[in-house]
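Trainee: Mind looking over this structure? Questions follow.
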Amino acid sequence: MSTEWIGVVVMYGLTVLLAIPLGKYLANVFKGEPNAFDFMAPLERLIYRLGGINPHRDMNWKENLVALLTINAVWLVYAFVLLLNQGSLPLNPDGNPSQTPDLAFNTAISFLVNCDLQHYSGESGATYLTQLGVMMFLMFVSAATGIAAAVLLFRSFMPQSVETVGNFYVLFTKAITRLLLPGSLVVALILAFNGTPASFDGKDTIVTLQGDTVNVSRGPAAGFIAIKHLGTNGGGYFGANSAHPLENPNYLTNMVEMIAQVLIPIAMIFAMGFYINRRKFAWVVYSVMTIGMLGLLIPTISSELGGNPAIARMGISQLTGAMEGKDVRFGALASGYWSIVTTIISTGSVNSMHDSSMALSGAMQLLGMMVNAFYGGVGAGLLNFYYFLIIAVFVSGLMVGRTPELFGRKVEAREIKIASIVALMSALLVKGGTALGAWIFMKYGAAEWAVQPSAWLNNPGFHGFSEILYEFTSANANNGSGFEGLGDNNFFWNYSTGIVLLLGRFLPIIGPVAIAGLLAKKKYVPESSGTLPVDTATFGLMIFAVIFIITALSFFPALALGPLAEYFSLR
Amino acid sequence: MAQPKQSSLFQRELVGKAIRESFIKLNPAVLIKNPVMFTVEIGTLIMVLVTAYIALSGDTSQGTLGYNLVITLILLITVLFANFAEAIAEARGKAQAESLRKTRQETPAKVIRAVGNKQVNEVQTIPSSQLVRGDVFVCETGDIIPSDGEIIEGLATIDESAITGESAPVIREAGGDKSSVTGGTKVLSDRIKVQVTTQPGESFLDKMIALVEGASRQKTPNEIALTILLAGFTLIFIIVCVALKPFADYANTPITIAALISLFVCLIPTTIGGLLSAIGIAGMDRALRANVIAKSGRAVETAGDIDTLLLDKTGTITIGNRKATHFYPAPGVSKTDMIRSSALSSLADETPEGKSIVELAGTDVTRNLSTTGATLIKFTAETRSSGIDLPDRSNGLVRIRKGATDSIRTMVKRAGHAFPEETEEQAKKIAANGGTPLVVSQNDSVMGVIELQDIIKPGIAERFDRLRKMGVKTVMVTGDNPLTAKFIAEKAGVDDYIAEAKPEDKMNYIRNEQTGGKLVAMMGDGTNDAPALAQADVGVAMNSGTQAAKEAGNMVDLDNDPTKLIEVVEIGKQLLITRGTLTTFSIANDVAKYFAIVPALFTVSIPALQSLNIMRLHSAESAILSAVIFNAIIIPMLIPLALRGVEYKPIGASALLRRNLFIYGFGGLVAPFIGIKALDLVVGLFV
C-alpha cells in the first residue's frame, strides 16, 4: 500500500477509534450523568443565571423549537449589523470595508446555519472583529444548535411515553462548554504549532525569490480553523480555505482537520446508541452511512487517480492522478477523500478546487450534499437521517403487515406528512433554485445587474450547469463548499442562496424535532415477535434504499444534465 | 386461508359493470380523492389540448399528431385502468354481500300472519331472512329460534350452549328480564311466541355494502398516511418535471410537452395510486368471503396489529362441551351400581354432559332403566347439583344427585354420612388432569365420581403456534377452576389463561393489556360480553350472539366460528402488506423509467447521454411510448394481486421484510427493464 493510501486509511481509522469513546462521553454529558468535564458546571450555572434559564425544566417540542428559533433570530440580527458596519469598527488593521447589505445578509445567514457559503474572501471581506465576533462566534453556536436539536430526538427512541423532549438551552450550553470549546482548543494548539497564524497583527510583507513584494494576510486564525472543522462549519479564514498554506500548512494539519470534521458526526451516532441504550441500532445507522460514503468515495478516488482523459489524449502521463486544482502537499487521493467527506458531512471546507474535480467526482460530491445524511453535519446529519428513517419505517412496517412502529411508537399520518414536507422542500429548494438560476442565465443574460447574469459562469455547457446546481445544492445542504468558478457575490446569488440556506437549515430541524415530539408523547408498545426490529441489516438495507430512491430519483435529471453529461462527453 | 367461495376474479357481468363504472369515475370531483390519479387526469387533459392544437394548427414542433394522440390515449387508459381496479373490487364486494344476504341463515320461521279479509291468524313457514321487525313467530320443541326477539307468550327451556358455552339449559319466559331469546339457539321444550326485535344481521350487511361501495367508505389511518406519502412523491416529481424545462433550456434542448408529461406520469407512483382503493375494498371483501362482516375498514386493518387475542375455551379451544370419560366408584360401591345411578340421574338430563354420561354408561345399562314417575331436580346456582327423585318399590324414594365435589360433600355431611377420602382424592386428581369431577350420591351417600374431560380441538395447537410466530399472544378465557384451566392451556399451547372468569375479569384483562400499549382482540357473544367487546380494539361478535354483543363489537362472524379471529388477523396483515409491497414496487419501477426517458429527452442535443440508454431502446419516441405503455398495463396486471392480497407468511418480521423487499423491491427494479425493452421491440416496429 502506498503512503497515500496509508494516510487515508489512518485518517479514517483514527476517526472511528476516537468517535466511539467520544460518543459514550457525549451520551453521559447529555443525560446529565457525571463526566470528566463536570468542572465546567460553575460556568454553565453562570450562563443559566445570566440567561434566566431554569436548567431543570424539561420542555416539550414546541417550546424547544421556539427557544431554538428565537435565539437564532437574535444572532442573525446581531451578525447582520456587525458585518454591515465592520469597516468603521475596531480590530481592522488591514482597513477592510464594510459588507454590502446583500453580502452581509448572505454571510450572516450562512454562518448562522452552519453553512459558510462565503461569497467574500476572508483577507479582504472581513475584519478581525467580525472574523472572531461574527464568524467564529456563529460557528460555535450553530454547531451547538445542531447538536442540541439532534439530542432532542433521542427521547422518541426511549421506552417511556413523555410529553417533554429535553431542554434546548441546557443541551446547547453543554455542547459548547463540554465539547466544542475543549475540542477546539486542542485542534487550535496543534494548528498554531504547525504554522497557522494566531495573532492580531495586520498583513505581513515578504519578498519572494523572484523579488516581488507580497502582502500576506494574517490574523487570529488557528482557533477559527479549529471550530470550522470541529463544528462542520467549513468557512475558511482565508479565501482559499484549507487549500491556503497558512490555513492547512502540512499533511499533519490536513489529517487533524480531516479527523476533526468527521469526528463529531460519527460520535453523535454512537452517542445516540449509548443514550438510548441501543448500540446495535447505532451500528446499523453507522453502517448505512458508511456504505453510503464508500459508494460515493470509491468512484471519486478511482476517477481522481485515473487522471483526466482529455489530458491523457494529449499524450501527457498523469502518474499522480488528476492534479489540476490540487495541492501537491496532499495529492489526488487525500484531496479526493477530503472532497467527499466535506460534502457528505456539511463542512464544505476544501483543500482542493472542486471546480477542477473530475466530472464523476463532481457528481459524487453533489450526491453527497443531496443526501446530506451520510454522517452529515454535527447534529444535522442525524436530523436529516431521521426523516428518512421515518419513511423507511413506514413503508417497511406496511410490508410486514403491521401499523408501522419506530421503537414501539406508531408512525401515523401526521409524522408522514411532516417527513414528506421536509423531503419535498429539499427537492424544491435545490431544483427550484437551479431552475431559476438557469432560467435567468438563459433568458436575462444581458440584464443590467451589477454582474450580468451572462458573466456568472466561468465555464460554458454542462460544467456551467453543474456550477449553478452545486451552489444551490450546497446552500440547501448547509454545506458551504462551492464549485467556485461562479460569480456569486451579487444580489441574485446572495439573496437567493440566503433564503435557501435559511429554509434548508431550519425545516430539517423543525420537521424531525416535531416528529420526535409527537412520537415521544405516543403510547409505547413493547416489541413483540410481530414488530419489525430496526436494528438489523435488513432494515439497514431498507433505509439505504429509501435514501437512494428519494435522492437519486429526484435529482437524477439534474445530475444527468450536469456532471453525468460532462462525464460521458469526456470519455 | 380458507376461501371456500373462491370464484374467478373477473366474472363477466362484474367486468361489464366495472368498465362502465371506470368511465363514470373519470369525474374529477370523484377522482380528486386519489391525488396521484387526479394529476394523471390533469396531464391527460393537457395532452388533449396539445393534440387538438396540433390537429388544428398543423404545427409539429411538439411532435406529430399521431404520436401525441397515442400518448394522450395511453394516459387516458392509465386513468381508466386505475378506475377499473377500484370498480371491479367494488363490484365483487357488492356481489358477495348480496349473495350473503340471500343465502345466509335460512332458518325456517313459523311466523303468525293475519290472513284474509277476516284477519285470521295463521302460521306460515318463511325463511328467517324475510322476517321483519315486529313479526311474531312460534317456536316449539326442537326448533332453532330464527331471530333475536322477545317472548310475548309462554315459557321454554332453551339450549344456549351454542352461544354462551353454558351447558345447562336456561328458562326463558314472557315478562320480566328473562324474556329475550337469541337467534340460533334451540328450544328444548315447550312452546313460545316471540316478537322480532331486530332485522337479523341485515343492518350490518347494509353497512358493509355501503362500505364496499365507497360512498361511505372512509380511508383507514394507514391508508391516509400512505396517501400523504404518495402525494409527497407526486409533488416531488412535479418539481422534477417543472424544473426540467429550464434545465433543458439551458442545455438548448427543446422538450415536448408530451415527453414532459410522460416522464411525470411514469415517475409518480401510479401503480400503487391506481390500486390503493382497490386493495382496501378487496380487504373488506376477503373478510366478507370468510363470512365476517366488518363494520369499518379500520377494524380489518387494526386486526393485523393485534398483540393479544382473547379466546373462550369452549368451542374454540375445546370441542363444544365436556364429555364423560370415566366412572370411579367410591369404596364399597360396585361399579355397576355406580354406573347405574349415574345413568339414572342423567337419563332425563338434556345437557350435553348429561347425555355424554348416558352415552358412556352404554346401552346395556340404560336399556333396562326407566324414569317413569320420577321427579327431575334441575341444576340451580345454589345447590350446584342436579338429579332425580325416583319412586322405589321397596323403600319409597331414591334420591340421586350429581354435582360439584363441595356441594355434594356438604349435602352428604349434613345427612350425617362420611365423604370418602378416596373419592376426594380422585376428584382432585381429575381436576389436576384438566378434567371436571362430578360426584354422584344416592340417598345422601357417595356412589363415586364421574370424570368429565374437555376434548381439545385437533390442530388448534398449530394455529396458536402460527399466531405466536405472528407476534400474537393468545389468552384462554374459561369458567373452569385454575387447575383445569392451566392443564388445558398447556395442552392447547395458549400463552395465558383467565380461570374462573367473570365478565369483568375479561374486561380488566383487556384494560391491563391496553394500558401496556397492546392491541387486544376478543370474540364474544353474550350480553355479558358487550362491554368487553366494546373495550377491545377488535371485537368480533358471533352472529348467534345477543344484539347487544353485536352492537358492541366491530365485526360480526356469520359462521359463529371462534377460530375466525385468526383469519381476521391474517386478512388485516395482508391488507397492509399488499399496500406496502405495491408501494415499494411502484417506486422501484422509477429507476428503469428514468433510464428509458431521460436519455430519450436529451439524445438529440447531448449525444453523450446515449450512454445512459442502457436498454438500447430503439428511438426517443419509442422509448417514451414504451415507458408509458408499461406504466399503464402494469396496473391491470397487478389487479389480481391487489384483489387477492399478497400472501402473509408468519416467518418473523425481519425475514418477511427481506422476502418482500427482494420480491417487490428488487423485482420492481428489474421487471420494468425487461418490460420496457420488450415493449420497445414491438413499438420500435411502428415508429
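Using the three backbone atoms N, Cα and C, a Cβ is placed for every residue, glycine included.
What TrEMBL lists as transmembrane segment is A:6-27, A:65-84, A:132-154, A:175-193, A:258-276, A:283-301, A:384-401, A:421-442, A:499-520, A:541-565.
Please situate the listed features within the shown structure.
Mentor: Residues 59, 98-99, 101, 103-105, 107-109, 111-112, 126, 129-130, 133-134, 137-138, 141, 145, 148-149, 168-169, 506, 509-510, 513-514 of the same chain, all 6+ positions outside the transmembrane segment (A:65-84), place their C-beta atoms under 8 angstroms from a C-beta of that stretch.
Long-range neighbours of the transmembrane segment (A:175-193) within the same chain, counting only residues 6 or more positions beyond its ends whose Cβ lies under 8 Å from a Cβ of the stretch, are 26, 29, 35, 37, 40, 43-44, 47, 140-141, 143-144, 147-148, 222-223, 225-227, 229-231, 249, 252-253, 256-257, 260, 263-264.
Within its own chain, the transmembrane segment (A:258-276) has Cβ neighbours under 8 Å at 11-12, 14-16, 18-20, 22-24, 26-28, 30-31, 143, 147, 150-151, 153-154, 157-158, 179, 183, 187, 226, 229-232, 234, 282-283, 285-286, 289, 334, 337-338, 341-342, 345, 347, 349, 375-379, 381-382, 407, counting only residues six or more beyond its boundaries.
Distant neighbours of the transmembrane segment (A:283-301): 266, 269-270, 272-273, 333, 336-337, 339-341, 344, 357-358, 360-361, 364-365, 367-368, 371, 373-376, 381, 385, 534-537, 539-540, 543-544, 547; these residues of the same chain sit at least 6 beyond its ends, with a Cβ under 8 Å from one of its Cβ atoms.
Long-range neighbours of the transmembrane segment (A:384-401) within the same chain, counting only residues 6 or more positions beyond its ends whose Cβ lies under 8 Å from a Cβ of the stretch, are 153, 285, 289, 371-373, 376, 411, 415-416, 418-420, 422-423, 508, 511-512, 515-516, 530, 532, 534, 539, 542-543, 545-547, 550.
Outside the transmembrane segment (A:421-442), and at least 6 residues removed from its termini, the chain residues within Cβ reach (under 8 Å) are 370, 372, 387, 391, 453-454, 456-457, 465, 468-469, 471-473, 475-476, 492, 496-497, 500, 503-504, 507-508, 511-512, 550, 554-555, 558.
Sequence-distant contacts of the transmembrane segment (A:499-520) (same chain, at least 6 residues past either end, Cβ-Cβ under 8 Å): 60-62, 64-65, 68-69, 72, 106, 109-110, 112-115, 117, 145-146, 149, 152-156, 158, 161-165, 380, 383-384, 386-387, 390, 406, 409, 411, 414-415, 418-419, 421-422, 425-426, 429-430, 433, 472, 475-478.
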Trainee: Please give the sequence-distant neighbours of the transmembrane segment (A:132-154): residues at least 6 beyond its ends with Cβ less than 8 Å from one of its Cβ atoms.
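Mentor: Distal contacts: 30, 61, 64, 68, 72, 75, 78-79, 82-83, 91, 107-108, 111-114, 116, 126, 165-166, 168, 171-173, 175-176, 179-181, 184, 220, 223-224, 227-228, 230-233, 235, 264, 268, 271-272, 275-276, 377-383, 386, 509, 512-513, 516-517.
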